[in-house]
Amino acid sequence: MLNKIYDWVDERLDITPMWRDIADHEVPEHVNPAHHFSAFVYCFGGLTFFVTVIQVLSGMFLTMYYVPDIKNAWESVYYLQNEVAFGQIVRGMHHWGASLVIVMMFLHTLRVFFQGAYKKPRELNWIVGVLIFFVMLGLGFTGYLLPWDMKALFATKVGLQIAEATPLIGTQVKTLLAGHPDIVGAQTLTRFFAIHVFFLPAALFGLMAAHFIMIRKQGISGPL
């Protein structure tokens, strides 16, 4: 049954060459841990992507119960944590995954830097990778406010004060994020939710697509 459906689609769209090109792509020997023990350092990028996928899936689950409103945000998180089946586990995965993905990205960045993989002709991919790092930090920052408890509120105020310290445009950046130059309230929560769920993920998907395309085009850099 499934084979017939696949054959029907393949006959019209010729999808076999596309997925075979991905599935049959040969992995260079120097990045295969089976041949070189030190090759495990090349796994940090893939592990970062794996944790990112977990973050996306767990985040989609959380948005089904979360209410981005100052009257209901904390209650919705409490309900998710204590009443929803597997809610505590999924939220824990998302919470710890947010820290783990930063750690993995940091290790991946160190590997690229110390092995000189950012040099010609991969300078543009290095820039894209740095942008991905900043987007990830932004996701962590905006997500921290969403439970709307005292710890999140005070941490967000500190973060907004840091943004306000930006030369020339600091006040505008703070107002853009908070929705008000002086008050951290309903508009702040709504904006952080929108940035966390829509704007930054859209930027992340676009940058990651560019990152992978350039890796496929240029190949994985060799060892020092």
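Placed from the backbone N, Cα and C atoms, the Cβ positions cover glycine too.
Positions annotated as heme b 1 binding site by Swiss-Prot: Tyr42, His108, Arg111, His211, Ser221. Around Tyr42 (heme b 1 binding site), taking its Cβ as the centre, 23 other Cβ atoms fall within 10 Å, counting all chains.
The feature heme c binding site is assigned by Swiss-Prot to Cys43, Arg216, Ile220. Around Ile220 (heme c binding site), the same-chain residues six or more apart in sequence whose CB sits under 8 Å from its CB are Pro28, Val31, Tyr42, listed in sequence order. Mapped onto three states, the DSSP output places Ile220 (heme c binding site) in coil.
Per Swiss-Prot, the feature heme b 2 binding site maps to Arg91, His94, His196. Around the Cβ of His196 (heme b 2 binding site), 22 further Cβ atoms fall within 10 Å across all displayed protein chains. Reduced to three states, the DSSP call for His196 (heme b 2 binding site) is helix.
The transmembrane segment annotation in Swiss-Prot covers 37-57 (among others).
Taken from Swiss-Prot, the feature transmembrane segment covers 96-116 (among others).
What Swiss-Prot lists as transmembrane segment is 126-146 (among others), and the listing cites sequence analysis. Residues 66, 68, 73, 77, 98-99, 101-102, 105, 108-109, 112, 117-118, 152-153, 155-156, 159, 188-189, 192-193, 195-196, 200-201, 203-204, 207-208, 210-211, 214 of the same chain lie 6 or more positions beyond the ends of the transmembrane segment (126-146) yet place their CB under 8 Å from a CB of it.
According to Swiss-Prot, the transmembrane segment annotation covers 195-215 (among others), on the basis of sequence analysis.
The Cβ of Arg91 (heme b 2 binding site) lies under 8 Å from the Cβ of Ser58, Leu62, Val77, Leu80, Gln81, each on the same chain and at least six residues away in sequence. Largest Cα-to-Cα span within the heme c-binding set Cys43, Arg216, Ile220: 16 Å. Spatially, by CA atoms, the binding-site residues His108, His211, Ser221 include one closest to His94 (heme b 2 binding site), and that is His108.
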